[in-house]
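According to Swiss-Prot, the protein carries these features:
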SITE      27  site 'Transition state stabilizer'
BINDING   33, 34, 35, 36, 224  substrate binding site
BINDING   67, 124, 125, 126, 127, 128, 129, 130  ATP binding site
BINDING   130, 162  Mg(2+) binding site
ACT_SITE  174  active site, proton acceptor
């Protein structure tokens, strides 16, 4: 049991029982990929895999932190008086980053904490282990220091840590999906305005299967920033002809009028993906509300094809998973999720076919790629909570 391991590790390292236990989920995005930074709608939900913590407040200004995921690093110690980024401090830079941003915003944090964490999200798999950790830390500090941070502000704080302290140019989706997570609901989020709406995820006799390629992807040094630049360049071109502030403000029909202004064929395809994907999100949410799971699944498939052909962020591993998933009985739809270039895909599969699905897709993947994929049946959980 994870919580017992967490407690005993805390006692072994710090010589006392932790006062509190916490959990923060990871996330999957059901549809709406690579458009959070293009002003589009996304449709993520929190999952029951995530990051657990045991924590206690200290009486001095020292923080001590230990991760069961990085045991070789041992206990990492630092003071509230020096919260500068240090590469050797590894994962605890997320703790330091959250502390630094909160203190700079005027929140009163005058004591250190002892912390042990243990995550069961596969690292680098695109299930937002870093956002899960950020939202976990905000929750712990909010609880210990009675900071009254709203869920939306918590997400914005996490994004600020990611962008300004860690140095990853990510959007708001991951932190938002986790911070505002509610059981059995997905969140339709407009990344421009932060308008959001909860949509019950009624999947009937079907489950969401997460398929991990086990090919690590690193957001910062993948082609993520290259795609962002291609979209930003295209937007700059289009702004000369139409009054928009983001690509996803255009419909496919409107884009037809202006598409010849974008001379680079790669950039043109990136625009086609962003604009069509935004429309797919709206159609998918409508389908879900009308209980049309078949259409929802078809839109997932179309999303993957667009990410493969127009946005070019899938790669052999993700394509092997998705394309083999489409052939299986009982499958409504399948697509990559997250930034791509490795990481995970998801499928919606009829419960009666889940075992067969995992066996067949797993075998096809191993035959094609040479190593195994991992499969998880996902449940949609709550946002960060004290246990």
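Glycine residues also receive a Cβ, built from the backbone N, Cα and C atoms like all the rest.
Neighbour density for residue 224 (substrate binding site): within 10 A of its CB lie 21 other CB atoms from the protein chains shown. Mapped onto three states, the DSSP output places residue 128 (ATP binding site) in coil. Nearest to residue 128 (ATP binding site) in space, judged by Cα atoms and limited to the binding-site residues 34, 36, 162, is 162. Residue 27 (site 'Transition state stabilizer') carries a strand DSSP state (E or B).
Note: the substrate site is recorded as 33, 34, 35, 36, 224; in the same chain, 32, 37, 38, 40, 42, 171, 227, 339 also have Cβ atoms within 8 Å of that site's Cβ centroid.
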